[in-house]
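Engineer: Quick one: this structure, given as structure tokens, is what I'll be asking you about.
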Amino acid sequence: LSSLKKFDEIKKANQAAAKKLVEDQLSSSSEDDDEDAEAKQGKILDKTFTIYTSQTDGDASELERTRQYMNEAFQSGAMTCLICIASVKRNQAVWSCCGCFCIFHLVCIQKWAKDSLFLVSSPLTDDDFGKKDYPWPCPKCRFEYKRSETPSRYYCYCGKVENPVVDPWLVPHSCGQICEREFKPSCGHKCLLLCHPGPCPPCPKMVTTTCHCKKAKAVPRRCSAKEWSCRLPCGRTLLCGQHVCENPCHAGDCQPCPRVSKQRCICGRQTAERLCASPQWQCGQVCGKCLPCGNHTCEQVCHAGPCGDCPRSGKRSCPCGKTKFTLPCTEDVPTCGDSCDKVLECGIHKCSQRCHRGPCEICRQEVEKQCRCGKHTKRMPCHKPYLCETKCTKIRDCQKHQCRRKCCSGNCPPCDQVCGRTLGCRNHKCPSGCHRGSCNPCPETVDVKCNCGKTVIKVPCGRERTIKPPKCKQLCSRPPTCHHPTQEKHYCHFGRCPPCRRPCQKTLTCGHLCPVSCHDEALVKQTGSHQSAGPWEQPSEPVFIQTALPCPPCEVPIPVECLGQHEVSPLPCHSANPYSCKRFCGRLLDCQNHTCMKECHRVTKSNSIADGKKAGPECSQCEEECTKPRPAGCPHRCVLPCHPGDCPSCLQMLKIKCHCKLSVLYIECLKLTSADVKEKELLISCRNQCPKELPCGHRCKEICHSGSCPLNCSQKVKLRCLCKRLKKEVQCSKIEEGQVSLECDALCKEMKRKAYEIKEAEAKAALEEEKRRQQAELEAFENRLKGRRKNKRRKDEVEVEQSSWQKYKNFIMLPVFGVAVVMV
């Protein structure tokens, strides 16, 4: 378990390191590929150049060098600190050299300046230290800065703002204000760009100035190009004094006179043709003129002026210089006979010989000499140096190697070995002598090329592994890898060419051209190529192989008619065969009444079948019954199977009921269906009296008929009054129409009154009977509540005597109800 845990920790650490490396690489190159970043960069550049281009009427041709520096400032990884060989990021403090405008990390340049000053001042003694302000150089252009100019704070490019704020809408490390640095060479104007890296562009101001020769009229020109030539001959007198300058109007001094003339040498002995611009020359001969002494001649080479006095005239000294003699120039000066006493080469002893001509001899005195390192002494001739064999063990100024010089005086020379340390670029070794501190940045530059080699950018050595190759605007020149004769146009790139997106256009077996995109180099996922060694192994990424795929089936629409010739549909060419449209066949069968109900099928055409809508031998045979419409009223089917033409007449007998539904009649179907309305009425009638009842309740007097019975009933009925006592016979139809009525008389009213009194008496007697019953129940209940022991086992029996009405009411009411029913 501990080993697995340790393995997981190491695995996670490796994955995190790999992820961070990928993110750094993506972050350093993602801005170049982002079109939005490029558009944003273009807007910032336009904003920076706005004031300048307003002075030049939109002409930005002089801004190319400044634009290049600004583009490098925007591109991630383009600006590199030559000291640490690392990218300069937007949020890091930087310092810019005013000579080469190279950008360094502020911390790196401070350390560089400190190390440079220490290396320069380290060989000095204590007495000399601090007496001279030694400079430190720029790592790139070697421009020297004073010790006081060592940067200590982070400023923007123009030097106005300390610690400028990071703004994505400004040039990195810029304050966004107008630069206002003086132009170089100074013209009195200041830079109009916003704070920017690199050199300031030429001055865009307009000034009025004349030409170099001052002959032409003054014209307005750009301050950066205020010096101009009118192209007229200069006309100024040359140094020879004889000719004038014939060159076009130019700046500065005139060139030497180009003409040739005969000129004498300085001494005047020889004459030669020489350039007019160099009139004085020496012939190289000794003068040879007789000196004033008359005994010697001048030994100077061709010269001007008098030769001068004889050098042997006047007072002359002896060889040792102690005695002076006045002799004619023809005589030599003799020796004085005194000792020479000149200091010998040793610088300690003097020459002991008498005054003599020529150099003194070497010092031969024996002295006690100390070796140069001071460790040994020896008696020996003074002129011989004494060097012992002891080797110096002091460390040289490189602080790495011993001096190892024999008999060293202590002032060890600088280390003569080559440094040989690997520089920050990891490609070269330091070629300088062995030294202390950091090595100088690698001075080499490396060409980073695109794939075709036509676009090249120079980067500091060591950055070629991390810098992104330049974008090449040349078209890719690789030969096509598919079957097309030429490759699809795209720019130069590394890696595989993008897949061809042009149509395949291969001729298929059907004769059409393949319309899909080229598939000669399709990426196909390969499965089953790797099996894991165990559960601890991570699943590998899917492997894709590049292979040519066959052309897909032809999809060109071809109009094809279905088997039953119902429709014409466009079908893909690869499946353009006769098909079934899934409809019913629909061809008219031989019965001329039905169509073929089979699914769309092939029909053999024959000469006998001229019409394309008629059924063929493959169609189904009609097995249906005849479904032609029958005559109105005929319920029978046609006795023939489905047939063409009209059906035969129906000869069957119909069994139907008469109008009154009481008798069953048998009538021939043909007679019934062919009869009109009156004949049908007679055929269906049974000739008997209609059995239907009228609304009044009497039977219809008409013979069997259709429809409703007439309402004029002639039957005689009895009419009674409301109390049913009086009666009268009248015609039924008159009663229904309300023409006759019978009113009750006085006797009827008297009988009604007596019946009402009887009802009231019965109601009153019933009420009294109910009260007596309730009183008896109350007394029985109170007796039970008294709790007498003798009455506990006795049943409370209450005998209620029935009234006369309750005893005889049934005998009275039944006859009354019977009479009432009979009257109704």
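One-based numbering along the chain as shown.
Placement of Cβ uses the backbone N, Cα and C atoms for every residue, glycine included.
So TrEMBL lists these for the protein:
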type   : residues : note
DOMAIN : 187-205  : domain 'NF-X1-type'
DOMAIN : 240-259  : domain 'NF-X1-type'
DOMAIN : 293-312  : domain 'NF-X1-type'
DOMAIN : 346-365  : domain 'NF-X1-type'
DOMAIN : 373-394  : domain 'NF-X1-type'
DOMAIN : 398-417  : domain 'NF-X1-type'
DOMAIN : 425-444  : domain 'NF-X1-type'
DOMAIN : 482-502  : domain 'NF-X1-type'
DOMAIN : 591-624  : domain 'NF-X1-type'
DOMAIN : 634-652  : domain 'NF-X1-type'
DOMAIN : 696-715  : domain 'NF-X1-type'
COILED : 744-791  : coiled coil
Engineer: Mind checking which residues reach the domain 'NF-X1-type' (293-312)? Cβ under 8 Å, same chain, six or more beyond either end.
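Structural biologist: Same-chain contacts beyond the flanks: 265-267, 269, 282-287, 329-330.
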Engineer: What else in the chain is close to the domain 'NF-X1-type' (425-444), if you only count residues 6 or more beyond its ends and a Cβ gap under 8 Å?
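Structural biologist: Contacts of the domain 'NF-X1-type' (425-444) (Cβ under 8 Å, skipping residues fewer than 6 from its ends): 82-83, 85, 111-112, 115, 118-119, 122, 139-140, 396-401, 414-419, 460-463.
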Engineer: Who are the chain neighbours of the domain 'NF-X1-type' (634-652) in space, where the CB to CB distance is under 8 Å and they lie at least 6 residues beyond its ends?
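Structural biologist: Answer is 590-594, 622-628, 668-670, 673.
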Engineer: Looking only at the domain 'NF-X1-type' (634-652), what is the mean pLDDT?
Structural biologist: 83
Engineer: Mind checking how the domain 'NF-X1-type' (425-444) divides into helix, strand and coil residues in DSSP?
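Structural biologist: Helix, strand and coil residues of the domain 'NF-X1-type' (425-444) number 0 helix, 2 strand, 18 coil.
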Engineer: DSSP-wise, what's the residue breakdown of the domain 'NF-X1-type' (346-365) into helix, strand and coil?
Structural biologist: 0 helix, 2 strand, 18 coil
